[in-house]
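Annotated active site per TrEMBL: ASP23, in sequence order. Look at TrEMBL and you will find ASN71 tagged as active site, proton acceptor. The annotation Mg(2+) binding site is assigned in TrEMBL to ASP23, GLU210. What TrEMBL lists as substrate binding site is 24-28, ARG36, HIS40, 68-70, TRP72, ARG74, ARG191, 197-199.
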Amino acid sequence: MSSDLPTGFQTELLPVHVAIIMDGNGRWAKKRLMNRVKGHERGSETVRSVVRTTRKLGIPYLSLYAFSTENWERPKTEVATLMSLLRRFLASEREEMLGNNIRLNAIGELDRLPATVRSDLEAMMVETAGNNGMVLTLCLSYGSRDELTEAMRAVAIKVTQGLLDPASLSSDDIARHLYTADLPDPDLLIRTSGELRLSNFMLWQLAYTEFVFSPTLWPDFTKEEYLEILKMFQERDRRFGRVNDT
Ligand code: FPP
């Protein structure tokens, strides 16, 4: 890996948590007069490569927006393809995850997923539960507003039960009720395909995250570009709203 790194890359200055909105599979296929499904297939290859690179670099958390709550509105055949690609990914990456100490995690409205996908996911999460080299979080049937609404509901119930005092409610109390309670907030968000929006992804968690928007369509996103983006992240001056007087 070290020989592939761009000049000036600092292996000790990496984000702890990288989150990615993988976008542009459909346009990639359309440009080639192919069915959108082909774009998702090629997109899965990119997922494999990014997971591998992230693990090799020693970045401890990677979260991928693989399917949003809004994606259920896509044609049935496309949804079915995405679900089967997900199952294929879980099967083909099993060895990789076990051999490289990767723990699989999934967040979102998982009970909306087909039973087959859910059981494969659960099996893989159980099998990798003891791994501590990297947490790979797949965001599936995920929507940030639903996640926040669910958290507010849980907090409100605890308030009515007298388990939480509304006067002393903190942002940590809210964060503890999100799907991401066990994850640090992302340090870096990458969105491919040139779209400049968040599309209902981790609205709470991205408050101080560095954003990089790439024009590259997800199937064309390479390891080289990923490394360049990580280098750009290293050059950002993160102040978290404070003054940096150095
Ligand atoms: C956005 O492209 C991508 C998705 C909705 C799904 C992402 C899925 C994968 C990368 C493959 C399967 C996932 C895993 C984890 C193996 P788009 O279809 O919205 O592209 P478009 O905006 O060009 O139409």
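Here the Cβ of each residue, glycine as well, is placed from N, Cα and C on the backbone.
Those TrEMBL annotations? Automatic predictions, nothing curated.
Rounded to a whole value, the Cα-Cα separation of GLU210 (Mg(2+) binding site) and HIS40 (substrate binding site) is 26 Å. For the binding-site residues TRP28, TRP72, the largest tally of other C-beta atoms within 10 A is found at TRP28.
You'll find the Cα of HIS40 (substrate binding site) roughly 10 Å from the Cα of ASP23 (active site). Only ARG191, of the recorded positions ASN71, ARG191, LEU198, have a C-alpha within 10 angstroms of the C-alpha of ASP23 (active site). Checking the binding-site residues HIS40, THR69, TRP72, ARG191, LEU198, GLU210 against ligand 1, the ones with a C-beta less than 6 Å from an atom of that molecule are HIS40. Comparing the recorded positions ASP23, GLU210 by how many other C-beta atoms lie within 10 angstroms of each C-beta, the top residue is ASP23. Cα to Cα, LEU198 (substrate binding site) and the residue listed as 'active site, proton acceptor' are separated by 14 Å.
By neighbour count, meaning other C-beta atoms within 10 Å, the densest spot among the binding-site residues GLY24, GLY26 is GLY24.
Between the C-alpha atoms of TRP28 (substrate binding site) and the residue listed as 'active site, proton acceptor', the distance comes to 18 Å. Distance from the CA of GLY24 (substrate binding site) to the CA of the residue listed as 'active site, proton acceptor' is 14 Å.
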